[in-house]
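For reference, Swiss-Prot has these:
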ACT_SITE  His451  active site, for 3-hydroxyacyl-CoA dehydrogenase activity
BINDING   Asp297, Asn501, Tyr660  substrate binding site
BINDING   Met325, Asp344, Val401, Val402, Glu403, Lys408, Ser430, Asn454  NAD(+) binding site
REGION    1-190  region 'Enoyl-CoA hydratase/isomerase'
REGION    312-715  region '3-hydroxyacyl-CoA dehydrogenase'
SITE      Glu120  site 'Important for catalytic activity'
SITE      Glu140  site 'Important for catalytic activity'
Amino acid sequence: MIYQGKAITVKALESGIVELKFDLKGESVNKFNRLTLNELRQAVDAIQADASVKGVIVSSGKDVFIVGADITEFVDNFKLPEAELVAGNLEANRIFNAFEDLEVPTVAAISGIALGGGLEMCLAADYRVMSTSAKIGLPEVKLGIYPGFGGTVRLPRLIGSDNAIEWIAAGKENRAEDALKVGAVDAVVAPELLMAGALDLVKRAISGELDYKAKRQPKLEKLKLNAIEQMMAFETAKGFVAGQAGPNYPAPVEAIKTIQKAANFGRDKALEVEAAGFAKLAKTSVAESLIGLFLNDQELKRKAKAHDEIAHDAKQAAVLGAGIMGGGIAYQSAVKGTPILMKDIREEAIQLGLNEASKLLGNRVEKGRLTPAKMAEALNAIRPTLSYGDFANVDIVVEAVVENPKVKQAVLAEVETQVKDDAILASNTSTISINLLAKALKRPENFVGMHFFNPVHMMPLVEVIRGEKSSEVAVATTVAYAKKMGKNPIVVNDCPGFLVNRVLFPYFGGFAKLVSAGVDFVRIDKVMEKFGWPMGPAYLMDVVGIDTGHHGRDVMAEGFPDRMKDERRSAVDALYEANRLGQKNGKGFYAYETDKRGKPKKVADASVLDVLKPIVFEQREVTDEDIINWMMIPLCLETVRCLEDGIVETAAEADMGLVYGIGFPPFRGGALRYIDSIGVAEFVALADQYADLGPLYHPTAKLREMAKNGQRFFN
């Protein structure tokens, strides 16, 4: 053994060839933490000191190569002064440079996934051989930063600036055939032939058949583009990427600027440019929020995994109520491998559900994400039925009938008599109390809520609602089924609206107050979209459905009359009474036409102003900042109340619920991180400025206490 550490070993293979293997003890994946970087330095030193070494193969002892840097270390690192961050990056890059500058040929054998620093390690090698099942990429822009271990320097010099910009700015994982096509890897082999392929390459380099020094040289030099080519490549890319990323996500454009600035430099000077830009991005609030989001997501996965121990495996599912929602649930279950019965009392609803599932599967086939054979397999896994004949072997039933408590109670009581005693019943409800629905059941311990968001196939969140009598096994089994469906489940306790809708309706309440104060809803939409929401509140209400919003608001007002009940008519009342229901009937706040692709397209409709006129009670002068505060303060304060009331267990889950469930701007991190970014004391003072708008704007006593003590939601 030439070197042995806790993350890296170097051992002799044959004929002077050594294997530098990453295998971080106590972890399921390899990552570049402080320990691994330090050991890489020692391992490279050991190789340099051993005159018998003729070639090096870099490999992994795990199913994946290296997933990148240890993101948990970013939180403290990024608090350092900018100059220290630059120095730290340059120090790390000296290790990669030392590996790249070894006097012997080097080959990276890429298995599983090599992301971020993992791919940057491979780029420092002379040759790369990749398993057919492996994926590689530089996803750092998703964290608000860009590659900092030489990725912006080596990749464009290997595969050309256009390809490198596409890889870095998109942050996507790339398959083996695509990597080979652009020259990011030198060979692609079957997984079982990976080591043999790496050995073949290194032996050919040692023998002189391959000139590894010539292969290495372009990575050490400036980019091979003249001034005109540079201008065309970089200016065009910056314009396009800025349009794609938007103003709230600076990292993709900054990555292009860095490649451009470093284009005329050799490796070492180019790495200095990279380090300086990386440090600037690392200090932004966007990076802080997106890294926080990543860590929150890991916390969500950890909590969901904790349920596995007692969860029953749902081998056979059923959905009650077909149609669009039932069809979407059936599709999601079947395509992820759990066969499902789809029951309705009407043949036309069954057909609608099957059509929905078939359409979604067909779309995946068209996009190359599913083979026709897999589509047929998924369709066969959906069994339509008008009766309960096959329900005896069902492990979990998702009830997705109309949002009416009496109807749901009747259907749930009926299906309970048709399933085995330990089958789980889950109601897909957005607002109705799980405790109320449970009263109709003989086995309420087997009952939970399972709130899917529309459209089911696109929305990543599922709220699993624990009722007073729900057993931990019922909760765990439902969480496990949601995970099998490819969803991100969050367990919440029962209350009107659960987490997401309870928080969303105060936001809509702020919107209603603005419209009643004479503020143009189109202006409100523009301001909130600029703030970072995927769509403004008026457009969102049209998409959700004015009738759905009207019903939801009434449920919330009944549940929280002290702050959510408004005695005055609102914009939603006016539109509902005028039968302007949004996209579903072609007119709401906006009117809707069908575009060339058959999708609804919003257009202005002056007639809505007459409908809204009776509910405009005053004409207030408000700034864009006021609009944001009228909307965001109620949403944030209701999130705080949900955490304080124990509806959601952690701040991480609360924030991820809003990002996944209603499209809260990811670069702002979630409602509680947004409060942190303002400062808890500053947020309380801000809310107090709007206290005259009503109880939705009044901070809780506990939040005032946090403000007084200088506390945060995230440390």
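Placed from the backbone N, Cα and C atoms, the Cβ positions cover glycine too.
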Quick one: of Glu120, Asp344, Glu403, which of the recorded positions has the smallest count of other CB atoms within 10 A?
Glu403
Here the recorded positions are Glu140, Met325, Val401, Lys408, Ser430, and the Cα closest to that of Asn501 (substrate binding site) is found at Ser430
In three-state terms from DSSP, label Ser430 (NAD(+) binding site) for me.
coil
One of the recorded positions Glu120, Glu140, Asp297, Tyr660 has its Cα closest to the Cα of Val402 (NAD(+) binding site), namely Tyr660
Determine, to the nearest whole angstrom, how far the Cα atom of Asp297 (substrate binding site) is from the Cα atom of Glu140 (site 'Important for catalytic activity').
16
Sparsest Cβ surroundings (other CB atoms within 10 Å) among the binding-site residues Met325, Val401, Val402
Val402
Candidate nearest Asn454 (NAD(+) binding site) in space, where candidates are the recorded positions Glu120, Glu140, Tyr660 and distance is Cα-Cα:
Tyr660
Among the binding-site residues listed as Asp344, Glu403, Ser430, within 10 angstroms of the residue listed as 'active site, for 3-hydroxyacyl-CoA dehydrogenase activity' by C-alpha we get Ser430
To the nearest Å, how far is the Cα of Ser430 (NAD(+) binding site) from the Cα of Glu140 (site 'Important for catalytic activity')?
35
Cβ contacts within 10 Å for Tyr660 (substrate binding site), all chains included, total 23
How many whole Å apart are the CA atoms of Tyr660 (substrate binding site) and Glu120 (site 'Important for catalytic activity')?
30
